[in-house]
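These notes are about the structure you will find just below.
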Amino acid sequence: VASCSLLLFTWGFDMGQSTRCVPIPHQMSVCQDVGYSEMRLPNFLGHSSLEGEVVPRSEDWRPLLQTGCHPHAQAFLCSLIAPICLDTFIQPCRSLCVAVRDSCAPVLACQGHIWPEALDCDRFPAQEDMCLTPHPKHSNSHLAKALPQPACQACPSVEEHPTLKTVLDALCQDDFAVTAKLSRRRRPSGVPEFEVEGRVEFIRQGPLLPYDTQYLLQQWLLINLRCANTLVRPGRAQLYLLTGAVQPEGTLALTRLFPWHKKDHSIAVATRKWKHHKC
């Protein structure tokens, strides 16, 4: 999970102090594609050392940004960590902070952290003439709202070596059932990264869409990091039969996970039987 230093940011920037412009370092990957190549030091969080503060602190935010919790989360955070080098200081607008906070704070909480005091939205300008504002993406916004969205949830039950009846009951009672191989690898920084390897196979499609489901499951893992840590061991991949439902508000909830080992004949028999006979 993200470093606890995420909670220790303090608002240490003085608008009257002298600053300098430096290239955004290549190892600062979370802010590599923000549309500009130079940043101010110290930044708006009071960090003045690239190697000692800026780069490692930027990595603290990777697990949150990977979830895609808000389309402007990267722009907001990088405007503070790596502020653009212009003739004047450009802070994020309060409206941008509020939009990102409202979407991302619940995800941050799911990962075991609170929204840092340094990112209190009241600190940022309310007038939107000289600050960074959110620019709504109109294209495909209606489609995005119609798709199921992953959300923080209590960890679903994991059932080892289930009986045939247990699997059939899950296939009948839940909205969807898929098989997916979940894997975990360690990044050089030590932050675990979870992936859905290969294709997701549908047993019961329900409200899910074929082109969206692999991404949806991967985002679920990144949001529910504590659950993901218990599901997949480092350096290993595990095939699962996953069942779940889409809630009335459009969020996806996984209900039951069955690790599919080679000796689990009941899962193979249940999926074949369900395909031929349904419920």
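In case you wondered, yes, glycine gets a Cβ from its N, Cα and C as well.
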Disulphide pairing with CYS97 per TrEMBL - partner from CYS69, CYS121, CYS131, CYS152: CYS121
Under 8 Å by Cβ from CYS97 (disulfide bond), counting only residues of that chain that are 6 or more apart: PHE76, LEU119, CYS121, PHE124
DSSP-derived helix, strand and coil totals, residue by residue, for the domain 'NTR' (152-279): 44 helix, 45 strand, 39 coil
